[in-house]
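Annotated transmembrane segment per TrEMBL: 58-86, 142-161, 167-184, 191-211, in sequence order.
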Amino acid sequence: MLQGDIPDEGRAVAVTPETGPIDLSRLIDALLPRDGDEWVSVRDVMARIGTTSFAPAILIPALVLVSPISAIPGMPTIGALIILLITAQKLLRREHLWLPDILMRRRVGAERMRQAHAFLRKPAAWIDRHSRGRLGLLTIKPMRVTATLAIFLTALTWPFLELIPMFTSVSAFAVALLAIGLLTRDGLFMAAGYAVMGGIVAFFGALWQGLV
């Protein structure tokens, strides 16, 4: 797919979602605006990834928050609300995800989304080359539920801690690693996500104890 080309409105870009393989480079094309569009809305992105693609729908906002877009005031809260609603529905075993219109209408300028896409393109290509089935114990169903719950609890902190420099980006990176692990059934990415989360908890624990 040429840079700047995007899937037609309504076409899912995920490949066999949540069962792999997943073309992450193609998935992030959902962030790109159509020619002539000045904005990209949540509704636009959701239409492209599909309403049955829970893990991609978690991954996309997490990746956006890893990018410089996370510096936009209020963006961590919007991303948190989206991920919280999606993970809650996944935990409740809904077959189709739903977001309220007030969130679906949220939008980001086209140029910022192009910048986010450019920022994520090389890491996405690297993941596509290196992801494979590893540490299978972390990808079995009970552990997938655990990962979804960990994502939910992490996103729950973003509205309250978004003013802490880099907190949202680092914790969103952990969420993205878990979501990638869910998509590719690669337990190594999931282990890395848990490690980043553990590091965040350890840092705040040390901060609380006055060790930092």
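In case you wondered, yes, glycine gets a Cβ from its N, Cα and C as well.
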Ranking 58-86, 142-161, 167-184 by Cβ pairs under 8 Å to the transmembrane segment (191-211) puts first 167-184
Within the same chain, the residues 6 or more beyond the ends of the transmembrane segment (167-184) and with Cβ under 8 Å of it are 14, 17-18, 20-22, 24, 55-56, 58-59, 62-63, 65-66, 70, 76, 79, 83, 127, 131-133, 138-139, 144, 147-148, 150-151, 154-155, 157-158, 161, 190-194, 196-197, 200
